[in-house]
Amino acid sequence: MDTRLLVEDFSAWYGQTQAVKNVTLPVYASQVTAIIGPSGCGKSTFIRCLNRLHEVIPGTRTRGRVLLDGQNIYDDKVDPAEIRRRVGMVFQKPNPFPTMSIFDNVAAGLRVHGLPPGTTAEEVVEKSLKMVGLWDEVADRLQDSGVSLSGGQQQRLCIARALAVEPEVLLMDEPCSALDPVSTLKIEELIKGLKEKYTIVIVTHNMHQAARVADYTAFFLNGQLIEYGVTSDIFTNPRDQRTEDYITGRFG
Amino acid sequence: MIAGRDQRRKFSNKLMLVLAAAATVLALLPLGSILLYVATKGLLALNWDFFTQLPKPVGEPGGGLANAIVGTLILVGLASVMGIPLGIMTGIYLAEFGRGRLAWLVRFTCDVMTGIPSIIVGIVVYGTIVVAMKRFSAIAGGVALAIIMLPLVTRTTEEMLKLVPNSLREASLALGASQWRTTYSIVLRSAMGGIITGSLLAVARVAGETAPLLFTALSSRYWHTGLDQRIASLPVYIYTYATTPYEEMHRLAWGAALVLVAMVLVTSIAARLAGRRAGGGR
């Protein structure tokens with residue numbers, strides 16, 4: 001299986017506090033990888049290091065390498081903006097741009113990076129909205145504000161916005177934690193459909209969600225990667241006592 | 001026993017309500033009477049000539065303050081052209097990029113400058129620009145007003161930008177937009193309503209400034225002939241005409257006062273409307 005992202009001996013800090021400790025982990029192409037663990041275990045920080053978003057917070061630093069298709073994204077010569085185009089991100093709370101219409105929200109990334117050759121903005125927006133199953137719901141009101149949609153629709157709009165610039169990897173930081181069960185189900189179905197084309201890394205504090213959508217699961221505790229493997233193995237046959245304690249609900 | 005306590009509570013409740021209402025009336029009374037007084041006195045002075053004629057020499061009846069109205073518009077325009085862009089840029093620096101000692105210094109300077117009496121700004125501009133140019137000028141007046149606007153615009157811009165949630169900045173950065181692009185097309189656009197309101201309120205604030213103009217733009221009895229020449233303005237005409245012994249000039253000063261109040265009022269209302277319209281999207 002192809003390795004899309006290879007994290008090597010990676011650490012991350014907020015000031016003096018080390019949030020991610022010497023993590024080494026391969027992320028396989030066209031698979032869904034879930035990061036689970038209790039609150040404050042560094043799973044969100046970790047995923048924010050995969051598109052170099054951790055460094056925009058003042059006082060933070062990192063050490064180690066993250067290879068995207070063999071290229072270290074922390075190399076001095078690498079432009080973080082280009083990495084963030086190739087590694088898209090969806091956040092915990094839906095965050096559509098409030099001053100923009102639904103159409104402009106999806107097209108926002110295209111305005112930055114330019115259109116793929118031979119396409120129009122209309123085509124890309126339609127394709128992206130269809131991929132997240134939002135097209136039929138919004139096709140007749142593309143000029144309405146992005147914040148006029150419901151929470152679940154807003155989150156799918158944000159996914160469409162991330163997909164419009166054709167990333168290779170999609171990072172999802174607890175994408176369902178602000179959503180109701182029906183919207184959550186829709187997003188989970190969406191994730192399963194997207195993995196053919198994209199490599200997906202999803203942070204979740206919901207173990208059932210990890211079990212439902214992920215091919216691989218990594219368990220984090222106190223900034224360390226405790227266990228990583230095929231999801232069914234992690235949940236039915238964990239090798240580490242701490243993993244077993246967590247998934248059986250003894251803590252966290 | 002319980003009924004007595006209940007009544008006491010109701011009584012004190014009413015008493016406080018009456019006191020608060022009385023304080024409000026008391027506070028509005030001087031404001032209302034100023035507007036009423038200026039309106040009644042000023043309306044008597046306003047006629048077609050007031051808006052179209054130049055001031056007449058002392059002793060001659062009639063004439064108007066058309067040059068002062070135009071002059072005030074030019075001075076405030078000059079100040080806005082210099083003060084608003086600079087203030088917005090500084091505010092962006094403070095909110096989005098500024099960290100550490102330099103940002104602290106800029107912020108502190110702004111706070112001090114907001115409290116500096118405007119006459120001091122006038123003296124400083126006199127000592128630098130007027131002395132260097134060897135004459136009073138519209139430019140010098142505009143610079144003085146711009147300096148007064150600057151901290152107001154800067155701090156409002158900073159406050160408005162800080163109200164924009166961080167999640168929007170991250171959303172934009174995560175799409176691969178540069179920091180400047182994120183600031184410009186996401187953060188600034190989200191905060192535009194508040195920034196326009198703040199800028200217009202700063203315009204309204206300097207429109208009535210008199211002291212700094214006395215040292216810089218001075219005044220003029222004629223139409224303005226160039227930005228490097230002295231220029232008439234409504235506040236300075238109010239000051240000079242009100243201190244003369246002539247009834248006719250007092251009348252014109254009241255007219256000028258009413259026009260000035262109306263200009264400030266219209267600007268303030270425009271500021272509120274701009275804020276409300278752009279605020280709806282948030």
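Every residue gets a Cβ built from N, Cα and C, even glycine.
Taken verbatim from TrEMBL:
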- B:69-271: domain 'ABC transmembrane type-1' (DOMAIN)
- B:15-39: transmembrane segment (TRANSMEM)
- B:68-95: transmembrane segment (TRANSMEM)
- B:102-129: transmembrane segment (TRANSMEM)
- B:135-153: transmembrane segment (TRANSMEM)
- B:186-207: transmembrane segment (TRANSMEM)
- B:252-274: transmembrane segment (TRANSMEM)
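Residues 72, 76, 79-80, 83-84, 87-88, 91-92, 95-96, 145, 148-149, 152-153, 156-157, 159-161, 163-164, 168-169, 171-172, 177, 260, 263-264, 267-268, 270-272, 274-279, 281-282 of the same chain lie 6+ residues outside the transmembrane segment (B:186-207) yet bring a C-beta within less than 8 angstroms of a C-beta in it. For the transmembrane segment (B:252-274), same-chain residues at least 6 beyond its ends with a Cβ under 8 Å from one of its own Cβ atoms are 35, 38-39, 41-46, 50, 55, 63-65, 68-69, 72, 193, 196-201, 203-204, 207-208, 234-235, 237-238, 241-242. Taking Cβ pairs closer than 8 Å, the transmembrane segment (B:102-129) reaches residues 90, 93-94, 137, 139-140, 143-144, 147-148, 150-152, 154-155, 158, 209, 211-216 in its own chain, all 6 or more past its ends.
Beyond the transmembrane segment (B:68-95), the same-chain residues lying 6 or more positions past its ends with a Cβ under 8 Å from any Cβ of the stretch are 51, 55, 103, 106-107, 110, 138-139, 141-158, 160-162, 183, 187-188, 195, 199, 202-203, 206-207, 213, 217, 219-220, 223-224, 227, 231-237, 256, 259-260, 263.
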